[in-house]
Amino acid sequence: MEAARPSGSWNGALCRLLLLTLAILIFASDACKNVTLHVPSKLDAEKLVGRVNLKECFTAANLIHSSDPDFQILEDGSVYTTNTILLSSEKRSFTILLSNTENQEKKKIFVFLEHQTKVLKKRHTKEKVLRRAKRRWAPIPCSMLENSLGPFPLFLQQVQSDTAQNYTIYYSIRGPGVDQEPRNLFYVERDTGNLYCTRPVDREQYESFEIIAFATTPDGYTPELPLPLIIKIEDENDNYPIFTEETYTFTIFENCRVGTTVGQVCATDKDEPDTMHTRLKYSIIGQVPPSPTLFSMHPTTGVITTTSSQLDRELIDKYQLKIKVQDMDGQYFGLQTTSTCIINIDDVNDHLPTFTRTSYVTSVEENTVDVEILRVTVEDKDLVNTANWRANYTILKGNENGNFKIVTDAKTNEGVLCVVKPLNYEEKQQMILQIGVVNEAPFSREASPRSAMSTATVTVNVEDQDEGPECNPPIQTVRMKENAEVGTTSNGYKAYDPETRSSSGIRYKKLTDPTGWVTIDENTGSIKVFRSLDREAETIKNGIYNITVLASDQGGRTCTGTLGIILQDVNDNSPFIPKKTVIICKPTMSSAEIVAVDPDEPIHGPPFDFSLESSTSEVQRMWRLKAINDTAARLSYQNDPPFGSYVVPITVRDRLGMSSVTSLDVTLCDCITENDCTHRVDPRIGGGGVQLGKWAILAILLGIALLFCILFTLVCGASGTSKQPKVIPDDLAQQNLIVSNTEAPGDDKVYSANGFTTQTVGASAQGVCGTVGSGIKNGGQETIEMVKGGHQTSESCRGAGHHHTLDSCRGGHTEVDNCRYTYSEWHSFTQPRLGEKVYLCNQDENHKHAQDYVLTYNYEGRGSVAGSVGCCSERQEEDGLEFLDNLEPKFRTLAEACMKR
């Protein structure tokens, strides 16, 4: 029993040891290492306390919880306060509970918060020797995710300087996001150097921030250089890719080959380039109509191509595609956008036009022209009103004579068959045409390897028509000898009836006959010579004389034709020398060439025979002729004749002996060329005649004309010195003063004794219209006496210094510009008595005239009949002058002024 007790005690101790070890293992397995965080005495709400490494303790935790409600734990281990906390000198702790809900595993982390009063360290004074130590003050990589959800302020990193071991360091920052826009985005804790962000940031607006961190002591000393700190904003896939257009429109030709490019679409993404966020993939997600699938899209470039060659515009002319672009390289979680793409199918000429009928029948009357006889239609499935649809017709067979043409109606696309050249029923009653049609645009070889032209047959029946005479051929000829006797007849123009092919019943009429040489028989069309025919006449061209003939039938239908009369030549013209003046330069030239012509035909012309007229021996002695060819000979002098002009008669005969004599004026001249000939007289010939050149004659004529001009000018100037006033007609003194200063010849008249002094001014001169006038001067007044037809009259013209009543009284010269003279028997009767009236006035004291002096009166206006007024008054006298006693009021004052008071 006693031995057993120690054994039992040992067993109990062993069990207690095992239980203690198990408890320690269990506790060790549930708890992780403790974490101590140094914090200030006061913690504001939602302030970052620190960060705990949760992964180190429990990597599979999916539930995080804090034992103290004043603290909140995030997934990354960040510890934030939920309320404002004041710490005492004692420690404060809480537990972070980590658990996995799947396997019910749990872990704990004990967190201790300690408040440690920071002792300000004094900066070393100069008396203390400083030892040089290596410092670390370099940029620390820093980044933050754009559009972060917080919680804010979001801790970014801690900025620390190694000098904090020796000094009390205060941290501060400046730059964009701090004191520059966007302001107050970042801040740093002065004591700890912790850098925080206060709100979310959009990378598309700010890709990064470069701020400057400063480390200073409380007294302002800066132991470190400013630290450039770059904060990069990490991109988040928060932007959708966007197509550059809402709707894309492309056009492609039908029947195109597989792989033909239709077009290219493009999209943009504002996220960070060269990342998965901007790696785009394109695709087609829908097509209208849905079948068949004819298009594909390259996923990277966005190029749309065809997958089939069966695009047919006549079936479907437009396709609509729904396209998509997605970022993240097209993965299912990428952002995507859709757009619309419209593809229009353009037409090509893949359908040939075909006639709706293969044969047509039509008819037309003969002799009709420029008429439409048939319209043909075609079918074409290509696009209307395009070159692929418009038809182009042509006549393939049956139009060898060019009677028809076919054109296209631009509005209906029909073929219009027309007659452009008249048809003849008597020649052909039916014509068969083959017509074909193609398009304006060439046929597409991609649609069909071969193309065939559509053809149709057109039968044209020619209908008979009662025609007029036919002038066929339109130009006919007859032959007649020139100089044929008047009345000679010949066959004329013949027209035919196309129905009977005969000329019976046709009447003929001459329309044109330039010289009236022939007449035409009305019934037969034969011609008769009316005047002698001359083949060499100017109206004849190439020996043919043309007349125009009109042929008509009984129905009045007509045709016209031309009859050419070929005139057969007879030898009726002698050869002659057209150039009748010859210059031979002596001694450089010893001869001259002379040429003869003959208007007749060559059969009656050359060779010509040239000879000197043998009537005078002097010609034979001085000249000789030598034939050069059939139409020319050489004339040369002999025996050294003197310079001068000679007449040399030459006889020219044609081959039939008809001849003529031409007298040549031959000049022997001392010259080198003919143009230099001055016609000098040979010194051996004395007293030769002198001849004037054309320029000398012209100079003499001009000199004579100049002398005549000078003489004419002198004559005109002499006649102009005599003052000849214009003649003003005396209109029978109707309410005007009668001209009373007439000095007519005759001894049996009583002259005025009023003391007028007269002086002859100039001799009489011939007037323009044949009136002779003579001028006298009366004091300061000029008087012109005009004599015509035995009657006499006179008018006065005031001199210089007074108003002129006549336009001709200028500068002392007068001109007669009017040929009208109003003279009558009344003047012949009254003029001799005017002198008596003046004489009686002087005898009467009560009616004595004023002293003789020139009276000046104001001009009453242009055109006044009484242009000048004399100084004499008259009283009543017999012989019809009683009207002077009863003057009208406007003349009384004038009469009183002329009387002596």
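Backbone N, Cα and C define each Cβ position, glycine as well.
Among the features that Swiss-Prot reports, signal peptide is placed at 1-27.
Its own atom aside, the Cβ of N34 (N-linked glycosylation site) has 10 Cβ atoms within 10 angstroms in the protein chains shown. Here Swiss-Prot flags N34 (among others) as N-linked glycosylation site, drawing on sequence analysis.
As annotated by Swiss-Prot, domain 'Cadherin 1' applies to 136-243, with the evidence given as sequence analysis.
Residues or ranges marked as topological domain 'Extracellular' by Swiss-Prot on the basis of sequence analysis: 136-694.
For the recorded site, N166 (N-linked glycosylation site), the DSSP three-state label reads coil. For N166 (among others), the entry in Swiss-Prot reads N-linked glycosylation site.
For the domain 'Cadherin 2' (244-355), the predicted model reports an average pLDDT of 92. If you look up Swiss-Prot, you'll see 244-355 marked as domain 'Cadherin 2', on the strength of sequence analysis.
Shown for the domain 'Cadherin 3' (356-471): DSSP residue counts in helix, strand and coil, namely 0 helix, 53 strand, 63 coil. Per Swiss-Prot, domain 'Cadherin 3' is recorded for 356-471.
Around N392 (N-linked glycosylation site), taking its Cβ as the centre, 16 other Cβ atoms fall within 10 Å, counting all chains. Per Swiss-Prot, N-linked glycosylation site is recorded for N392 (among others).
For 472-579, the entry in Swiss-Prot reads domain 'Cadherin 4'.
Every protein chain shown contributes to the tally, and the Cβ of N546 (N-linked glycosylation site) ends up with 16 other Cβ atoms within 10 Å. The DSSP secondary structure for N546 (N-linked glycosylation site) is strand. Swiss-Prot lists N546 (among others) with the feature N-linked glycosylation site, giving experimental evidence as the kind of evidence.
The annotation domain 'Cadherin 5' is assigned in Swiss-Prot to 580-694.
Secondary structure from DSSP puts N629 (N-linked glycosylation site) in coil. If you take the C-beta of N629 (N-linked glycosylation site) and look for same-chain residues 6 or more apart in sequence within under 8 angstroms, you find P607. If you look up Swiss-Prot, you'll see N629 (among others) marked as N-linked glycosylation site.
The transmembrane segment feature in Swiss-Prot is assigned to 695-715; the stated evidence is sequence analysis. Beyond its flanks by at least six residues, the transmembrane segment (695-715) meets no residue of its own chain at a Cβ-Cβ distance under 8 Å.
The topological domain 'Cytoplasmic' annotation in Swiss-Prot covers 716-901.
As annotated by Swiss-Prot, phosphoserine applies to S864 (among others).
The annotation phosphoserine is assigned in Swiss-Prot to S868 (among others) on the grounds of a large-scale study or a structure entry.
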May I ask for the distance between N166 (N-linked glycosylation site) and N34 (N-linked glycosylation site), taken between their Cα atoms and rounded to an integer number of Å?
29
What does DSSP give as the helix, strand and coil breakdown of the domain 'Cadherin 5' (580-694)?
13 helix, 47 strand, 55 coil
I'd like the number of other C-beta atoms within 10 A of the C-beta of N166 (N-linked glycosylation site), please.
16
At the Cα level, what's the spacing in Å between N34 (N-linked glycosylation site) and N392 (N-linked glycosylation site), rounded?
101
Tally of residues which DSSP labels helix, strand or coil - the domain 'Cadherin 1' (136-243):
4 helix, 42 strand, 62 coil
Rounded to a whole number of Å, the separation of the Cα atoms of N546 (N-linked glycosylation site) and N392 (N-linked glycosylation site) comes to 47
Do you know the DSSP helix, strand and coil residue counts for the domain 'Cadherin 2' (244-355)?
6 helix, 50 strand, 56 coil
Secondary structure split (DSSP) over the domain 'Cadherin 4' (472-579) reads 0 helix, 46 strand, 62 coil
